[in-house]
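S.K.: What TrEMBL shows for this protein is this:
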ACT_SITE  HIS277  active site, nucleophile
ACT_SITE  HIS505  active site, proton donor/acceptor
BINDING   LYS279, LYS507  substrate binding site
COMPBIAS  75-95  compositional bias 'Polar residues'
COMPBIAS  139-151  compositional bias 'Basic and acidic residues'
REGION    1-159  region 'Disordered'
Amino acid sequence: MSQASLHGKWTISSSDDDDEVLPPSGTATPKSRRPAESSRVSSGSPSPVPEPAPPEVKAEPDSAPVFALSVGSEARQSAARNQRNPVKFETSPSLSGKRKKEPSDGSGWALSDSDDEDDTEGKRSSQSKLPNREAPNGEAKKPKVESERPPSPHGRLYYKDEPDDFFETSFPCLNDTYRFYLNKVTGLDRKFNSGALHIRDILSPLFGTLKESVQFNYCFDIPWMVKQFPSEFRHCPVLIVHGDKREAKARLLQQGQPFPHVRFCQAKLDIAFGTHHTKMMLLWYEEGFRVIILTSNLIRADWYQKTQGMWMSPLFPRLPEGSSESSGESPTFFKRDLLEYLASYRTPELDEWIQRIKEHDLSETRVYLVASTPGRYVGADMERWGHLRLRKLLYDHTNPIPDEERWPVIGQFSSIGSMGMDKTKWLAGEFQRTLTTLGKSSFRSDPAIHLLYPSVEDVRTSLEGYPAGGSLPYSIQTAQKQIWLHSYFHRWKARRTGRTHAMPHIKTYMRVSPDSTQLAWFLVTSANLSKAAWGALEKNNTQIMVRSYELGVLYVPSAFSLKTFPIDTNPFPASSSSTFGFPVPFDLPPTSYSPTDQPWIWNIPYSQEPDTHGNVWVPS
């Protein structure tokens, strides 16, 4: 069938029209139809060269489903030439707003985070995971060896070693005012990585002598993660907090078997289609304690050529012996809120970390914690989690602005959930009310809402090419039901940070002045545009239901003794003389879609023009 919209025409087979119940596999699945059985990136040749199928890596909720790929790039072809038995990559069920689901046969590369509840957003966005492969030299097939898995649809040889100066050898020049950083991106001009951070930088001795850590995330490549620690910290205890169940959990535990210092903690997901989407590091040093809240999964694909963001806390010192439990609190009550969030997991594995945090001084923190945890909340608890938590913070800690109706709201994300047949069902109803709250004024402004989501052309011309769309799992089944949404869409353009061609896995929300020089507030979070992530009101607005774990930090000017945040139009290269300009990661004002632009939809073909690696995208 064909579906026309303001932004082009889609063609799908009639079999893709109907909703389909996904097969059972441990966690509840979204209602929308699963993706086609064998999506692939293809060079267009009739006999594509297959690629080795190493053990798989799990996918994320806001990522697309697992795609089957045929070889297109030279790198993948050369990797495949050494394979005696070609392996085909197959798709796994889409996971809109669901707990990560992986193919039961272990095939397919998984994508990355997502978070939908009642639609099939192949939410396994940016994480690539790959299937098992035949053992070499005629040996019997062995259990998956996760260390051999290339977490990229391009194949092992796609990743190139970073230059020697890619990782910091001296203390990096950082913006200590806001402590908001982008990740380093391979292939950019060096100046655009000055002041950005790679995971190896974060875990290096430059920031402290590590004793132990906790890694909260959706998608893990345990062998790769372990290698990111410097040799002196590589065997320090690590606790992995995840949301996997059944087969997916078994695969994760198997990844960790070679590493006795790695332990696991399963987050409770009691509501269907929920995911553990939070991305946070708790780092305990000899010198103190640090929190990092970020948008990257723990796989190499997320740290290579995607745009990601993070907040890195100061180094929190230990409190003097005998300090009260309320000591070390910040003006933003960050310590209280972090402890409350950790307590929401209701698991003994985090008890020692709760105690450690109580023993440290977090008073320097100037951001507010905005979290989601699964549950149905009533009364005062409604304002503890999800978008009502954000609404409460904006009400209490921002101030009305003259002509605020001219200050647009911008939302930027990498996955989109089902929001109903018209905008009033959620986006232009309860969520818009949250995003447009400014202080205690009774005046209800109705500013423009701009949503940034990559177009097909953005993905095609990206550093990764079409496979970058595996981290942008907007499905045709969901898109068809909410064509009204596409009039909100704006292109991903990030010349100011050099990241126009590094597709976003970062998620940010903000309120911007009409001339794009000031911010009323800024939020970086794991939460995509979905009800599963942010929550939805129920029972005549007397209850909010949240499906997923999410985590972000909110910047408000009053916490920095400012009326608004000035925007830094040239954040790179970073300068030792830190300015008060906030480093918004993309260009402002945003560029609206043209009539010919189409939003990236991962489960329909793009074969008219090859991408930057000479491939086309052919779901089949």
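For all residues, glycine too, the Cβ spot is worked out from N, Cα and C.
Quick one: how deep are these features, and who are their neighbours?
M.R.: Take the CB of HIS505 (active site, proton donor/acceptor) and look out to 10 A: across all protein chains shown you find 31 other CB atoms.
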S.K.: Expressed to the nearest Å, what is the distance separating HIS505 (active site, proton donor/acceptor) and HIS277 (active site, nucleophile) at their Cα atoms?
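M.R.: Pair distance, Cα basis, whole Å: 13 Å.
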S.K.: Measuring Cα to Cα, how far is LYS507 (substrate binding site) from HIS277 (active site, nucleophile) in Å?
M.R.: 12
